[in-house]
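Report on one structure; see the data block that follows.
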Amino acid sequence: MSDKVTGFFDSVGVSDSDKFQPEKGRYHLYIGLGCPFAHRAWIALKLKGLDDLIDHSVTHWQAAPEGYRFINEQELAQRKGPTDYTNGSVDKLFNSKLYSEVYFRAAPNYEGRYTVPALFDTKTNTIVNNESADLIRIFNTGFNTILPKKYADIDLYPESLRTEIDEFSDWFLELHSCPWKVVFASDQETYQAAFTKFYELLDEFDEKLAKIHTAGGQYLVGDQLTEADIKAYVFVVRVDPLFLTLAKLNGRLIRSYANLNKWLTNLYWNHPAFKDTTDFDLIKKLGFKNPKYNTDTSGLIPIGPLPHILPYEE
């Protein structure tokens, strides 16, 4: 009997002998637009100019008991165009109904969650990797040999900044975990502790950015956009429209933090890879329509706060 597969952890273009080589049209990215982890990978793909090399399919925001699905025939008939992802897209590779089918094509003995993102290799008929942090780095370097120089030169994880990026990522993990501690809190004491820690860390984050802005910087590490900005953005952009209500984190809005808001709006308005991949409606649907996170059975989705993001002000 074959060993069970629980995940996919390969890379692309590590060496000339690597079985996963960079090729145009060979790889396919599966994403869900409400998911922050899929959001990370799609931003990285856009920043590196990989749209012409790697196509994508989008899962529906609604998770069935057996996992995510793709757009159905009725929804497809109502679709306004190829970039209308209100209900996801078709599975462009296999026309699957359920996303789990993609995983079982890659590994019939797969045991695990059917998560997005996932990078599928059409040549070997398997998933290369389904970890968002790995995919950011795969997109960062794995296709440089076939990219135009202007994109190959973009480095989201430069060697000179790796220690600082890793230190920030380690610090950010605690902030990232706070909303989920609240969502799954079963008593007031647990909620209060996570609530307090969340705003302590946001205050600290704003102070970090104040020092950066005072020194004339715009990004979290060094004087360039890095993976640290990507990882933090997909979380921070969800605080006001999602966590404020879903996680009862209603102490302060991100827009009330001068430096956090300046950093966030700079990324959103001045870097198309961030704005073009951010869908506030789907972010809300994935959270508020998911019984795993929301026990309110009314189906209502909070409208505000409006606007979802403020204009950028230097």
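Including glycine, each Cβ sits where the backbone N, Cα and C put it.
According to TrEMBL, the protein carries these features:
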- CYS35: active site, nucleophile (ACT_SITE)
- ARG113, TYR114, THR115, VAL116, GLU131, SER132: glutathione binding site (BINDING)
- 147-293: domain 'GST C-terminal' (DOMAIN)
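The structure, with features from TrEMBL marked on it.
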residue : record                   : Cβ neighbours (10 Å)
CYS35   : active site, nucleophile : 22
ARG113  : glutathione binding site : 11
TYR114  : glutathione binding site : 20
THR115  : glutathione binding site : 19
VAL116  : glutathione binding site : 25
GLU131  : glutathione binding site : 18
SER132  : glutathione binding site : 24
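Following the DSSP three-state reduction, the secondary structure of SER132 (glutathione binding site) is helix. A straight line from the CA of VAL116 (glutathione binding site) to the CA of the residue listed as 'active site, nucleophile' spans 8 Å.
Calculated from their C-alpha atoms, the gap between TYR114 (glutathione binding site) and the residue listed as 'active site, nucleophile' amounts to 13 Å. Apart from ARG113, TYR114, THR115, VAL116, GLU131, SER132, the residues listed for glutathione, the same chain places the Cβ atoms of PHE37, ALA38, PRO117, ALA118, ASN130 within 8 Å of the centroid of those Cβ atoms. In this structure the C-alpha atoms belonging to ARG113 (glutathione binding site) and CYS35 (active site, nucleophile) are separated by 14 Å. According to DSSP, the secondary structure content of the domain 'GST C-terminal' (147-293) in residues is 103 helix, 0 strand, 44 coil. CYS35 (active site, nucleophile) sits 13 Å from GLU131 (glutathione binding site), taking the C-alpha atoms as the reference points. The average pLDDT for the domain 'GST C-terminal' (147-293) in the predicted structure is 96.
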